[in-house]
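Pulled from TrEMBL:
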type     : residues : note
TRANSMEM : 15-35    : transmembrane segment
DOMAIN   : 17-446   : domain 'Major facilitator superfamily (MFS) profile'
TRANSMEM : 56-77    : transmembrane segment
TRANSMEM : 89-122   : transmembrane segment
TRANSMEM : 143-162  : transmembrane segment
TRANSMEM : 174-193  : transmembrane segment
TRANSMEM : 264-285  : transmembrane segment
TRANSMEM : 297-313  : transmembrane segment
TRANSMEM : 333-352  : transmembrane segment
TRANSMEM : 358-376  : transmembrane segment
TRANSMEM : 388-410  : transmembrane segment
TRANSMEM : 422-444  : transmembrane segment
COMPBIAS : 453-472  : compositional bias 'Basic and acidic residues'
REGION   : 453-505  : region 'Disordered'
COMPBIAS : 489-505  : compositional bias 'Basic and acidic residues'
Amino acid sequence: PPTKAGQAPSPPDGGWGWVVVFGAFISIGFAYAFPKGLAIFFKEIQDFFGTSYGEIAWVSSIMLATTYGAGPISSILVNRYGSRPVVMFGGLLCGVGMISAAFCTSILQLYICVGFITGFGLALNLQPSVIIIGKYFLKRRPIANGLAMAGSPVMLCTLAPLNQFLFDNFGWRGSFLILGAILLHCCVAGALFRPIGAATASVKTQVTEEGKDVLKGKITEDAMEMSSPTDVPVKNKTEEERGKDCCEKINQYLDFSLFKHRGFLIYLIGNVLMFLGFFAPIVFLAPYAKHTGIDEYSAAFLLSILAIVDMVARPTTGIIANSKWVRPRIQYFFSFAIAFNGTCHLLCPLASSYMGLVVYSGFYGLAFGMVCAMLFETLMDLVGAARFTSAVGLVTIAECCTILLGPPIGGILIDTFGDYKYMFIKCGAVMVLAGTFLFVMNYYNYRMLAKEEKERKAKEEDPKSVRTENESRNNNWNKDTAQDGPELEPLKEEQEEIKKEMNGT
C-alpha cells in the first residue's frame, strides 16, 4: 500500500514477506550447500588431475572464502542498487562459473572458475537475501531467518544424491554443465525480492534512533549559514566538497565505527575463530566414509542424513530463539550451539563403523543447524537493523581468512598423518574454544550493558548531576577567558554577572 510522503513503511511481518522468505530460502540454500555438495566430485577430480587432498580442498575453500570475503562488495551493491538486481546478477555469475568449469584442463583453472567466479556469484546471493529479511520482518524475524536458513539443508539433502547420480551418468564435466544451469534459478529467486517502498524499514529504525541528533545538526548548520556573510558559505562548501577523502565516501556504505562497538568485536573475534573448524568436517565427511571402505552412495547418504536433521533443526531453533525466555539472552544460546558443534567433532573418531558415522551425522546436523539459524540473528541483535548491512559486510571479510585456511589445513593433516581423526580433533578443539570465548565475553558484555544502563538512569533521575555539569562548563569557560589576556576583561565581568543571576534564580 502507498505510504505518506516522508514516512518509511514499517516491516509488514507477513504478506509478501513470506514470498521473500521463499526466495531467500533458494538463494541462501545454494550459497551454503553448493560448496559442500561439490565434495562428492573431489575423489574423482583428485584422481583425474593427480592432486593431493590439500590441493583439491582449495576448490571448496576458495569458493567459501570468496563467498564471505566479497561480503563488503555485496553490501555496497545492495545499498546502492537494492537486493533484487544484485541477487539476479549473482545467479548469472554462478551459472557462468560452473559452465566454464566444465571445460577446465587444470586444477588452477578450477580454482578460478569454481572458486572465484562461482564463489563471487554466491556472495551476491547470500548477503542480499539475509538483509532483505530484516527489512520485511521485525517481530517474527527469528522465525523468518530460521525458515530461510533451512534452505541450506534442503539443498544439501537434494544435491548430495543428485551429484552422485549426475556423476555416474554424465561424469564430472557433464555434471558441472547441468549444475551451472540449475544455479541460474537464483535469478528467479532474486526476482521475488520486491522492494518494500521508497524507503526501507531500516531507514525508519535509524531515524527513530538518531532523528534528534540529525535535526539538531541540521538546525545548527542552518544557523551558522544565516549568521555568516553571504559570500563565505559557498566558498567553504566547495572547499569541504574537495576535502572529502576516500575513507569518508567508503564510510557512507560501510560503517567502520562498528569496530568501536563492544558487542560487535566480541562477535567478530568468536566467529573468526569458529570458522577455522566450521566447514572442514562437512567437506571431508564423504571422502572419509569412502576412505573407510563405504560405497559412494552410502557416503553421499551421510550428507543427506546431516541435511535432513539440519532441515528440522533450523526452523525449530528459530522458534526457540524467538521465545521470551531465550531471545533476551540469545548470545548464550549461540555460544552453546558452537561448543556443542565442536564436541561432536571431538567424538567423531570414536565412530568406527557406518552406523557410528550415521549417529555422528545426525548430531552434527543438529549442531550445524543451530549455529546457522542464529548466525545472522545474533549479529542483528547486537548492532540493530540500521547498521546490519554494514555489519554483515565487515564480518564476512574478516571471516574469509579462516574460512580459506580451514579445509586446506585439514587436508594437510590428512596428508601428513594418513588419518582423518586429527582433522576432526583440530576442528572440534577450535570450535569448543570459540564457544567458550563467546560465552564468557557475552556474560561480560551483558554485565557492562546493565551497568551502563543503570548509570544512565541514575544520571537522568538525579538533578544534582545536571547542575554539576553546568558548573563545570562555567568553570572551564572562566579558565579559558583567564588565559586570553586583559582584552577580554569586560566579557569576563559580564559573564560573572550572568552567573550571579543564574545562581539567584
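Along the chain as shown, the residues are counted starting at 1.
Cβ coordinates are placed from backbone N, Cα and C, and glycine is handled just like the others.
Unlike curated records, TrEMBL annotations are generated automatically.
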*So are the transmembrane segment (422-444) and the transmembrane segment (333-352) touching or not, going by 3+ C-beta pairs under 8 A with a sequence gap of 6 or more?*
yes
_Please determine whether the transmembrane segment (333-352) and the transmembrane segment (264-285) are in contact (criterion: at least three Cβ-Cβ distances under 8 Å, sequence separation 6 or more)._
yes
*asked:* Using a Cβ cut-off under 8 Å, which residues of the same chain at least 6 positions beyond either end of the transmembrane segment (174-193) come close to it?
replied: 19-20, 22-24, 26-27, 30, 34, 41, 82-88, 90-92, 94-99, 101-102, 118, 121, 125, 128-129, 132, 163, 166-167
_Most Cβ pairs under 8 Å with the transmembrane segment (15-35), selected from 56-77, 143-162, 297-313, 358-376, 388-410_ = 143-162
_Top partner of the transmembrane segment (358-376) among 56-77, 143-162, 264-285, 388-410 - counted as Cβ pairs under 8 Å_ = 143-162
*Counting only CB pairs under 8 A, let me know which of 56-77, 143-162, 264-285, 297-313 has the most with the transmembrane segment (388-410).*
56-77
_As a test: from 56-77, 264-285, 297-313, pick the stretch that has the greatest number of Cβ pairs under 8 Å with the transmembrane segment (143-162)._
297-313
